Structures are given as structure tokens and as C-alpha cells.
Amino acid sequence: MKTIVLASGNRGKLAELRQLLAGLDLDVVAQTELGVDDAEETGLTFVENALIKARHASRISGLPALADDSGLCVNALDGAPGLYSARYAGQHGNDAANNARLLQQLSGIAEAQRGAHFHCSLVLLRHALDPAPLIAEGRWFGRVLQAPRGDGGFGYDPLFLPHGFAISGAEFAPAEKNRLSHRGLATAQLLQLLQQERARQREADQGELAHRRDIIQREPARTRAKQ
């Protein structure tokens, strides 16, 4: 079993990613369990921030790393909270304060103008200096409710009503949310990329094995020719 570090201290993200990766032969360890602190998120995009976090965790732990950078993007707020979703109200990770500020910012905005989507970028590094990280992304579309509903999930889930559903992100069963959500979609894409990479590696290994067999089979003929 291979060990991989999750470059996050967010308990909600950790729980969902562990569930989503449960089918893989991986020992998933949170960076906090290894004494790795949070990286400074200085990127200008979700992918850049995920890459920063993954390299930071991999460099300190010496392990392959998976990082998630996600956020809620609200149309009426020009994409905010976006990259600053976790610290929208000033204090990092204060879900109640972030939700309250979002509702305040959308005060007076009609239902039809409250469109939004969750975005998730995942970056997987094989090692800290990996020049070709695997990158996967997912989006979950819906709108922002007038008041929170449900006590499941985390972050802005209580305020998010996905398109085609009558329940908020906080009212889904965990397995159903993981199937539909931005994080679930990004993880599915990442698993597909991993499968493709493993298939290419198997083909390369088989080609190398065939080449070696060819060399071995030719060696007796070369020996006889020299005699």
C-alpha cells in the first residue's frame, strides 16, 4: 500500500476526499498528522493554490501529495468569494461567519440573480519536484439560498441549492453528495487520469520486457557467429 499525504487541514475536505479515495490501495494521511503546516496560498487561480499546497506538503513530508483548492463563485458578486471562500469573513475556516457575510452581500438580490457554482481543483504530485502533476477539476452549479438549510456538509453547503434538486448541499447523504459535487467530479476525473497513466506505464513495461527478451534471444546467435 502506498502512502499519500492530503495537503489540507480542513476536516470536511479530508473526510470527503478519504471517502472518495477509499477504493484505491492508498494509505491516506492528513498533513496535520505529519506536522505539516498550511502553505501560504498566493496563487491567482484554484489550480495555482492547489499546486502550492501540494508541493509544500510533499517537500516537507517526502511523500506524494494530493491538494484540493475549492471555493464558491457567485455570479452577482463577480465570482466572489472564489479563492477567498475559506476566509471570506476574515477568519480562516469560520463557516458560520462566512455564510453570514455571503447572505449580507446578497441582501436584496432576487432568486433569479443568485446563480453560483462550486469549483474544485485537485493536484496530485508524485514528488515535490514533479514536473508533470496530474490536475483535475470539477464544478457543481446551482444558486444561493436566502437562508441556510440542513446540518450536514461544511462550508457553504447549507446555502447552496444545486440545479435540479430541492435540497441544499447540507441535506444530501454523504455518498450522494460525493457523487454529484464539484469534489466528487474532480476526483472521478483524477482517477481516470491515474488509470490512463497506469495503462501507459504497463505498455511501457511490456515494451521494455519484449526488448530485453529480443536481446536475450539474439545473444546465442551472436555467440555462434563469433565462433
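Cβ atoms here come from the backbone N, Cα and C positions, even for glycine.
Here the structure is a predicted model, which means the values were calculated and not measured.
Neighbour list (N10 (substrate binding site), Cβ cut-off 8 Å, at least 6 residues apart, same chain): A86, G93, F154. Annotation source TrEMBL lists substrate binding site at S8, G9, N10, R11, G12, K13, S70, F154, G155, Y156, D157, K177, H182, R183.
In the three-state DSSP reading, D69 (Mg(2+) binding site) counts as strand. Sequence-distant contacts of D69 (Mg(2+) binding site), defined by Cβ-Cβ distance under 8 angstroms and a gap of at least six in the same chain, are E41, G43, F46, V47, N49, A50, K53, L83, C120, S121, V123. What TrEMBL records for E40, D69 is Mg(2+) binding site.
Under the heading active site, proton acceptor, TrEMBL lists D69.
What TrEMBL records for 201-227 is region 'Disordered'.
In this structure the alpha carbons, written CA, of H182 (substrate binding site) and E40 (Mg(2+) binding site) are 23 Å apart.
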